[in-house]
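Before anything else, here's the structure in question.
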Amino acid sequence: MVDSQYYLPNDIGISALDCSEAFRLLSPQEKMYAHYLSPFTFLKQQDFRYGGLAVLLQTSPESANIFVLLQRIFRKQTPAQLEQVATAAGLSSEEYQAFLVYAAGLYANMGNYKSFGDTKFIPNLPKDKLKALVWASQAFQEQPAEMEALWDSCSCLLYSLENRQKQLGLGDKGITTYFSGNCCLEDAELAQKFLDSKKLSAYNTRLFKKEDGGKTCYEVRLASAVQKDCAVDGECESCCGSFSFEDKEFTVKRGDYSPIMEKVCYYLEKAQAYAANENQRKMLEEYTRSFTLGSIEAHKEGSRYWIKDKGPIVESYIGFIESYRDPFGSRGEFEGFVAVVNKAMSERFAKLVSSAEVLLPELPWPQEFEKDTFLKPDFTSLDVLTFAGSGIPAGINIPNYDDIRQTEGFKNVSLGNVLAVAYATQKEKLTFLEEGDKDLFIKWKGPSFEVQVGLHELLGHGSGKLFVQDDKGKFNFDQSKVINPETGEPVSSWYRGSETWDSKFSTIASSYEECRAECVGLYLCLNKQVLSIFGHEGQDADDVVYINWLSMVRAGLLGLEFYTPDSKSWRQAHMQARFVILRVLLEAGEGLVGLEEVTGEDGKPDARITLDRSKIPTVGKNAIHRFLCKLQVINSTADVEGGRAVYDNYSTVSDTGAHNFLRLRETVLLRKEARKMFVQANTRISGDSVELVEYEGSAAGLIRSFTERFQDDAEQLESSLLELSKQDAPCWC
């Protein structure tokens, strides 16, 4: 039997993201803009969605080949048509459903590793049965040699659960395609120093190491359409070339994902004709330059125009954005979305933005540790039309560039149609809660999470100052006067030159920042004004606070699923953050949080987590106050050593102490519920108008939505993916 964490169950939740009403209310021009923007993510409307396909190449060596194998099968036969073939090939109905679920999972995660948790998943049916189905398919009957070669190229890794291949990671800790297979942490650290010295961002790069005549050489690849390494339009001198650094040779080259980036640029140029204003047009222009040249500076410039584009009806963003899946924490996964504003919900977030300057002083750090000016951002609730990447979040705070966020601003979005379906659950599936809490939890989980997301994105990620000394020696704070509240001494450390939060804190940066934002949400949800903004008063408001805090401590326990004991590492930034918060609240004592191991009604190990709601405003608030202040001071002062000591301590999962978390992890795995997958709509042009094409919330519906995205030029698309995969294949050995 394969451990259940390595396959997707047949009854996994699959929900369609409903954006029909929001799309219906768009004008014809807005619909056309949304249509042409979506190709630069990946959703098939009439043209290709190339950009998000880069995620396949960013995930694992075999992901692109598996994707092409599935596309060729389902392009010839729909899931319903293939079912008869499967039966004749000897598959049971359960085995065929397992195949459909695997295919849906591959599409939803844009690879064969879970986007949330970075664990590999394999088909939950015997390899010989899957091979029999592939051989019996129409695609194989028409092109047997090509299909057999494709199967041979990926079938071993498709099923392999060797220790290193069970999860994403660097070196012997897992699989990554952000680095060649011979890279380790020391290589990543050296490369970061090199990039900092050249003032190059790691966001759109990958690192490849090789030995040449006994000398170690590194190749830094920039994602770009052009492959020329000389200076090109928009550059005074090329960032490419060969450089000696700390007795090592570094070469910077363009052209990573070149065919994909070329298509991205083509559709960005097409979308410019439908831009609603000059900010949108210039934004798209700069994005095109960024993906053409591999320039993060151009992407920053596009992001500046994006921030200035206030209150658009069709919202979008694209680029190498989140660094969660880079084991070193510096390289961004390709991501893009096109979404339509939900006006009613957006009004609440606008009120929260208006109250921000009153709420920020409530946070538990001295005024000097807060930004000099709060730059009021757009904060909208959006219904997702297209989201390209390995997974769809509930909320986003972008851009991620520290220098822009600190002095120019940012935007927040809450993805309303994701929230509507992502966290709905049935009472019988609610784990680790007392019976008396379950009805209240089901009633208020959605509304409380909406409050938490709003606070997390706006006042969590949007708060706090980073102390910086620029290249000219100028400080953005008065170093002679600012006192570190944790030590009582003057501030003695800060960011220098091109250093950023990600480059300094690297492997803990993402989770640490998510933890800080989650703590801000917990702390400020106690504010009556905040609750009133979201329409909660009296007893309802108290219940929202209770369920928000209860959700957090329960999530901390659930987070143990995403810890790997063998490597002592966490695979998911948010869940590590929530486990840290659980540890902090358990440490607060005084009966605030209870956690005990029990035996379930089925006779198997179980656990119960309780929260004394009467102590949330006192014991709970005080604990988060102290911890949040410490997190922000470390954040502001670039205290990497102190930050690692604090965060690693609370992240430790052991079998000693008051709670045996290693044993509790086994209980969590025993009773875990698989994360839901989402089916996205497509659009297509019909005459002079754009139509929305929707699909059922099922594995078959998810598969259809993908195969209908990539119809017009499928052979060229698949050829590009296979060629890119083949070129890099020797690098992973």
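From the backbone N, Cα and C atoms, a Cβ is placed for every residue, glycine too.
All TrEMBL annotations are machine predictions without curation.
From TrEMBL, here are the annotated features:
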BINDING   His456, His461, Glu514  Zn(2+) binding site
ACT_SITE  Glu457  active site
Excluding His456, His461, Glu514 themselves, which residues in that chain have a Cβ inside 8 Å of the centre of the Cβ atoms defining the Zn(2+) site?
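Going along the sequence, the neighbours come out as Asn397, Glu457, Gly460, Glu513, Arg516, Ala517, Glu518, Val520, Gly521.
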Any idea what the Cα distance is from the residue listed as 'active site' over to Glu514 (Zn(2+) binding site), rounded to a whole Å?
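Pair distance, Cα basis, whole Å: 10 Å.
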Have a look at the binding-site residues (His456, His461) and report the one with the fewest Cβ neighbours inside 10 Å.
His461
Would you say which of the recorded positions Glu457, Glu514 has the most Cβ atoms within 10 Å of its own Cβ?
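Output for this query is Glu457.
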